[in-house]
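Structure first, commentary second.
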Amino acid sequence: MPRTTRASSAEDRARKPRPPAPLEQKKRLKLAAIRKAARTTFTEKGFDAATMQEIARRARVAIGTLFLYADNKRDIAFLASMEDFDRARAIGAAFPTTPPLAEQFTAIFAEYYRLHHASPAMARIILSEFLFFNVGKHAREHAEGVRLIKAELARRAGLASARGELRATAVPADVAELAYIVFQGAVRAWVRAGADDLPAGLAACHRMLCLALEGVTAPAEAAVPVRRHRSAGIKPSAGAASTP
């Protein structure tokens, strides 16, 4: 019996996640400090006035250490927002695939609207500086994030196409690209206006998506009827409510 107990204890210890090694824990703490310092500095001073030196000072790391994590200020801004992007993408991907396509797309983009609504100053930096983010340690990570968003949009467009909701000529990847372009324009206009009215911003995005998707949507009699999902939180105008 004691032998069995010892074996069970060994198995329990094996199942428990090991705490991070001291060096790994130190790196995590440094990265968290850099992210916090970057957000504070960018929010207070804006992207142009913020300096790598000040971010390093606030994070209490050497400037050389900062450059181990980032090549430039765009890299730093991405680091400061990366966890938020990952969380927004995961939440959007969990939205049901049965509501109308415009509603699904709006729900995916809604998490980014909420992120920008919480910090308009960072939103202005993200939307202006990440547009041509192709140089730096984290440029590939940013590009991969965009690719994953478009892949999720295309997956949903493919499901809608299989249900007969899209025209036969509508390629899911093209539908995804169209929706992403509409989102980029809508969210920039909303942030430029102050990003203060979240419901209005989401409603405008939904209206624009409805208009854009009209060109690829199958005639009503050819599509399988779908019901609006309650958790979307979208309140479109009466004219747009019946458009997927």
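Using N, Cα and C of the backbone, Cβ positions are placed for all residues, glycine too.
Residues or ranges marked as region 'Disordered' in TrEMBL: 1-24.
According to TrEMBL, the domain 'HTH tetR-type' annotation covers 28-88. Under DSSP, residues within the domain 'HTH tetR-type' (28-88) fall into helix, strand and coil as 53 helix, 0 strand, 8 coil.
Sequence annotations record features per position, and here TrEMBL assigns DNA-binding region to 51-70. For the DNA-binding region (51-70), the model's pLDDT averages out at 93.
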**Cβ contacts under 8 Å made by the DNA-binding region (51-70) with residues that lie 6+ beyond its boundaries** = 30-31, 33-34, 36-38, 40-41, 45, 76, 78-79, 136-138
